[in-house]
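Look at Swiss-Prot and you will find 1-220, 233-265 tagged as region 'Disordered'. According to Swiss-Prot, the topological domain 'Cytoplasmic' annotation covers 1-272, 294-321. Among the features that Swiss-Prot reports, phosphoserine is placed at SER28, SER242, SER252, SER253. Positions annotated as compositional bias 'Low complexity' by Swiss-Prot: 69-82. Taken from Swiss-Prot, the feature phosphothreonine applies to THR74, THR78, supported by a large-scale study or a structure entry. Feature annotation from Swiss-Prot assigns compositional bias 'Polar residues' to 124-143, 168-178. What Swiss-Prot lists as compositional bias 'Pro residues' is 151-162, 201-211. According to Swiss-Prot, the omega-N-methylarginine annotation covers ARG244. According to Swiss-Prot, the feature intramembrane segment maps to 273-293, an assignment based on similarity to another entry. What Swiss-Prot lists as transmembrane segment is 322-342, and the listing cites similarity to another entry.
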Amino acid sequence: MAASSSEVSEMKGVEDSSNTHSEGPRHSEEGMGPVQVVAENLDQPEALQSGPDTTAAPVDSGPKAELAPETTETPVETPETVQATDLSVNPGEDSKTCPSPKEACQEPASRPEVNREATAEQGAEQQSAAPPEPTSEQALQLNTQSDPQPTSQPPPKPPLQAEPPTQENPTTEVLTESTGEKQENGAVVPLQAGDGEEGPAPQPHSPPSTKTPPANGAPPRVLQKLVEEDRIGRAHGGHPGSPRGSLSRHPSSQLAGPGVEGGEGTQKPRDYIILAILSCFCPMWPVNIVAFAYAVMSRNSLQQGDVDGAQRLGRVAKLLSIVALVGGVLIIIASCVINLGVYK
């Protein structure tokens, strides 16, 4: 019995050394698990009880020791090794202690998986939170620079040039030139006529003048209005140089005839002064004298350019001259008849 007890103590030492060497390969292979460890521990006491031959244990420790360098994981906690030694010492209690090594071995196996999942999730979060690559930003900037939107940045327009001021109406310039007027400080000043010839007459169509507007800055509409007012005043009151206005109350409706300057295709008022002189030889002296006066007035109006007044005065002179002539002839005939009949 003493020899058997010494052998048992030696076997325990060998088993302890073999267990420390076999911890690495036992935990590296997850499929092996604690079940195989328990089976090995149960087989070892049977070998001890069979005989004093102890060569089997060292043979098994060799491969286990060779597998130890291949393991990469750290050895498991010491309580597992303690439990394994307890199982080897007390093989009869394997039914009670088997559940605890399985749970202890399953926990370390599940922990690396949890750690791997946690690291994978952290890596995905870091990749999602990482900023985009600078190459993509540079590509976007190049695209935006190469294709600018026309609506966001329209091309600059050249500044509009100031339009030159509008020129005067050519008709107003023709009127001012024909009547001999001057423009001074935006006002129209008519000139005095040196001769007593007929007044304004329409000028033929002339090309548009290239004169610039007056330097005083008066608008062309004001100048045109002033010219029109001056023309209407002349038609009513005669030429500015005349001593008196015309007897006419309405503006002239007919222009001068071919004999008058500017008259084209219009009827010229006739001069009835000769008829008035003939009527003076008739015995209707008050009538023929008035007819002669109207004939002279009609001639003066025609010389001043008042065609309408000359026509009206000429018609009155004609009527009075005819009345004087007819009346004078009748008086002469009546006197002759009376004188000749009395003498017979």
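Glycine is no exception: its Cβ is also placed from the backbone N, Cα and C atoms.
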Mean pLDDT across the topological domain 'Cytoplasmic' (294-321), rounded to an integer, is what?
90
Helix, strand, coil residue numbers for the topological domain 'Cytoplasmic' (294-321) per DSSP?
26 helix, 0 strand, 2 coil
